[in-house]
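Here's the structure, in C-alpha cells; my notes come after.
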Amino acid sequence: MYKRPRFNRVLLKLSGEVLMGPGQFGIDPATVARVADEIRAAREAGYQLCIVVGGGNIFRGLAATARGIERSSADYMGMLATVMNAIAVQNALENLGVDTRVQSAIPMPTVCEPFIRRRAERHMEKGRVVIFAAGTGNPFFTTDSGAALRAAEMKCDALFKGTSVDGVYDADPKKVKEARRYDCVSFNRVLADDLKVMDASATALCRDNNIPIVVFNIREQGNFSRVLKGDGVSTIVCNEEE
C-alpha cells in the first residue's frame, strides 16, 4: 500500500483553461488572483514552489494545426501564449507580496529570465516562486511534458496537476455516473488504460524519475493547501498502487 511521503518541493502544473475562469477565452483577472492566493498560502506554509502554466486559454497549437498552420509554427505560438500567462500569474503573486521569477525556455531577456536550472534552484532556496514558461522550448512537446521535465530537473518531490476535476477516474465522470475515482493508481495502469492524466511521454518521465503526480481540483477554494497536507480529495499517480 502506498504511503504518502512529506512533500517539500513541488511543481504545480496549471492549465491555461484554469486561468480563463468562467469565460471561453483569455485571462480572467479575478481567477488569476484567486489561484495566486492559493499559491501564496502554500508558500507561507513553507513549501518550495515552482509552476508551469499552459497556454490553451489563448492559443492551442494542435487545434491551429488542424486549421492549416504548420505544426512547428503553431507549437511556437502556443509557447508564447504560456509566457503571457506566466507574466499574468507573476503579477498576481507580486501583488500579494510573493517574490516571483519567470524563466522562459525561449530566451526573451527584456520580458523574463532565460531558463537556467541552477539559478532556478537558488531562487527556490531563497523562498521565491519560479514560473517556468514556453514549455520545453521545442515543438511537438506539450506543456505537460515541460512540467514533467522541470519537475525532474528541479528534483521536486511531486508534480501537482491542478484541473477542474478532483482526481483520476476509471471513466469520464461527466459522462458515466458510476465512474470511480482512484485514491492511488500506478503509472503503468494510467499508461495501459490511457486514463488521460497527462500525455504519455510526461507520465513516463515522471514514472522513470519516481515523481508522484497528484491530480486535484484547483478551482475549489483552499484546495491546493489541503491537498499538499494530505487532507483534500485527490488522486496520486505513483509507482505503487492500493
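Just so you know, glycine gets a Cβ as well, placed from its N, Cα and C.
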| query | Which of Gly55, Gly97, Gly167 does Swiss-Prot put in the same UMP site as Asp75, Thr136, Gly137, Asn138, Pro139, Phe140, Phe141, Thr142, Thr143? | reply | Gly55
| remark: Fewest C-beta neighbours within 10 angstroms among the binding-site residues Ser15, Thr136, Asn138, Thr142, Thr163 belongs to Asn138
| Annotated UMP contacts Gly55, Asp75, Thr136, Gly137, Asn138, Pro139, Phe140, Phe141, Thr142, Thr143, maximal Cα-Cα distance (Å, integer) | 15
| Helix, strand or coil at Lys13 (ATP binding site) [DSSP, three-state] | strand
| remark: As a whole number of Å, the Cα atom of Thr163 (ATP binding site) is distant from the Cα atom of Gly55 (UMP binding site) by 14
| request: Please state whether DSSP places Thr136 (UMP binding site) in a helix, a strand or coil. | output: coil
| field | Largest CA-to-CA spread of ATP binders Lys13, Leu14, Ser15, Gly16, Gly56, Arg60, Thr163, Tyr169, Asp172, angstrom | value | 25
